[in-house]
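Each remark here refers to the structure printed beneath this line.
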Amino acid sequence: MVARPDKPAYRYVCYKCDYHTQFTGHMSDHIKRHLNVKNYACPYCKFVATTRNSVKSHLIYRHSNVEKLECQFCNYSTKLNSQLKFHVRRKHSDILLLGN
């Protein structure tokens, strides 16, 4: 991990790829992915993950009865609100800009 105090928006830069963040915890989680460290396990199947949030998302997506959320602009659907928001920003930013 490399500290870059001169650029607070990208204080930490990964030594293996182009990932950068201002948060130590995010960088630690990222480095664990490179090292294939998986400390968190799903209680219902053999899924293991680097972060607690990954297991939480897995539980919602694979082991819950939560209804899928649908994109209002296309046929994309997901059980995770964060994934829907990411999808809309990534795939439909032109539509969002027109709406303002």
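Placement of Cβ uses the backbone N, Cα and C atoms for every residue, glycine included.
The domain 'C2H2-type' annotation in TrEMBL covers 12-34, 40-63, 69-92.
Remote same-chain residues near the domain 'C2H2-type' (69-92) are listed as 57, 60-61 (criterion: CB distance under 8 Å, separation of at least six residues from the stretch ends). According to DSSP, the domain 'C2H2-type' (40-63) comprises 12 helix, 4 strand, 8 coil.
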